[in-house]
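Database features (TrEMBL):
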TRANSMEM  20-39  transmembrane segment
TRANSMEM  82-101  transmembrane segment
TRANSMEM  107-134  transmembrane segment
TRANSMEM  155-178  transmembrane segment
TRANSMEM  184-204  transmembrane segment
TRANSMEM  236-260  transmembrane segment
TRANSMEM  302-321  transmembrane segment
TRANSMEM  333-358  transmembrane segment
TRANSMEM  370-398  transmembrane segment
TRANSMEM  410-428  transmembrane segment
Amino acid sequence: MAPAFSESACGRNRKLLLGIGYLVQGLRCFPWMGVIFFLKDGLRVEPSTLQILQNSANLPMVAKPFYGILSDSFYICGQHRVPYIALGAFLQALSWIAIAIPGKSGISFFSITFYLLLSNLGASIVEVANDAMVAETAKQPLSSKKRKASPSGELQSFVWMASSIGGVVGNLIGGVAIDKYSPQMMFFIYGVLLCFQFLITLSIRESSLDLPKSPSHIGFKKQFSELLNALKKPEIFYSITWFAFSYAVIPALTGTMFYYQTQHLKIESSVLGISKVFGQAAMLLWGVVYNRHLKSISSRKLITAVQVSMAIFMISDLLFVKGVYQQIGLPDSVYVVLFSGVLEVLYFFKILPFSVLMAKLCPPGCEGSVMAFVMSAIALAFIVSGYFGVALASYFGVSGDDFSGLPQGLLVQAVCTLLPIFLASWIPEDAKLKGEKKQN
């Protein structure tokens, strides 16, 4: 018979598992900084090749609905969340250590692509299990008297802040480490950290997390059918469609801007690291502010405001490339630190209010499947956005040595960012959702 755990002990175990999970996932920026500089300086790839690899490596994320259905319907030793987190951590550790073992010239472009795909497969499995736990736990206060004190969105904010702290630490250390250590050393350190996550996860029993009881062994086919039924709900279907479109329609120019800053402006890696830290700090602050002051504001209004802010920052990038800020006395390195890092994470600001909205919409029993589908749609949208950006840069003739067409590309990017705002009505208002619940 499974031992009984107190409510406080369950809460601590749940926060420990989720906190470590999101913290380590936030730290993924640490080895990825090494990957970017290794591809640029070690393998000397072009900006378009770098961006294609960055986006193609996210292909395993597109299969998240499959992992979600699998974790919802297939139990391992009576558990359906913890074993998948352990499996994902193991695959990631294996991948990063495998990349780290060869010498500087001992790994090919094909090999690193394969291991990055395997790493992202493990990361996607972990994220699906973690997101499902957050979604199904967040629904408990709505139906459980013993958790009435837990405000809606608190757990989402907690894991958001854990991920942001990981991003701050990872970028801060990464910006310094890339100058002092080889990328392989960075890969190895992160691989060892993942080994610790794997061991800690194995030490936690799912029965100690007090997860809501869901119908066991309902079968893969039944779970898939429930996912399809959930997606047929207009408020879920239109919300996910709009959210994915709001990313896919924006041509990403991240690889091009990275080369512009490092090749053309000669910005040092430590400055880029500080810039990313500044961005992650902004994400952390966003999580705190949202949890304390913004939860009562309509998700639609928040998401739309973030979309407009993204377009404003892109126009600011256009002025930066044109040299306007330099003319008024603002050094390039200061702009990169203050603005570039914030724009990079501003893409993700929408996810927090949207995840809270989706947690309210998710039907009981298929939280993992629906949240996995959401993240899958976002991953696919980012891939499309990346390829769209490569095509746009090619159209304006932007390369690793010629950035004359970059201002035009940034202008097109800003205009595309504003397009989804005209379809913002696809996102349901929170007040409308409450009214529908009362009627039901």
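Backbone N, Cα and C define each Cβ position, glycine as well.
Sequence-distant contacts of the transmembrane segment (333-358) (same chain, at least 6 residues past either end, Cβ-Cβ under 8 Å): 131, 134-135, 138, 152-153, 156-157, 160, 167, 236, 239-240, 243, 246-247, 254, 257, 261, 265, 267-268, 271-272, 274-280, 282-283, 286-287, 290, 294-295, 299, 302-303, 306-307, 309-310, 313-314, 316-317, 320, 325, 370-371, 374, 378, 427-428, 430. When Cβ-Cβ distances under 8 Å to the transmembrane segment (184-204) are tallied for each of 20-39, 82-101, 236-260, 370-398, 410-428, the top count falls to 82-101. Among the listed stretches 107-134, 155-178, 236-260, 410-428, the one sharing the most Cβ pairs under 8 Å with the transmembrane segment (20-39) is 155-178.
Residues 15, 18-19, 21-30, 33-34, 37, 130, 134, 137-138, 185-186, 269-274, 276-277, 279-281, 283-284, 286-288, 290-291, 345, 352, 355-356, 359 of the same chain sit 6 or more residues outside the transmembrane segment (155-178) yet have a Cβ under 8 Å from a Cβ within it. When Cβ distances are compared across the two stretches, the transmembrane segment (107-134) makes no contact with the transmembrane segment (236-260), since fewer than 3 pairs at least 6 residues apart fall below 8 angstroms. Same-chain neighbours of the transmembrane segment (370-398): 47-48, 51-52, 54-56, 58-59, 61-69, 124, 127-128, 131-132, 134-135, 227, 230-231, 236, 240, 243-256, 351, 354-355, 358-359, 361-363, 404-406, 408-409, 412-413, counting only residues six or more beyond its ends whose CB sits under 8 Å from a CB of the stretch. Sequence-distant contacts of the transmembrane segment (82-101) (same chain, six or more residues past either end, CB-CB distance under 8 Å): 17, 21, 24, 31, 67, 70-71, 76, 107, 111-112, 115-116, 118-119, 121-130, 184-185, 187-188, 190-192, 194-195, 197-198, 201-202, 204-206, 209.
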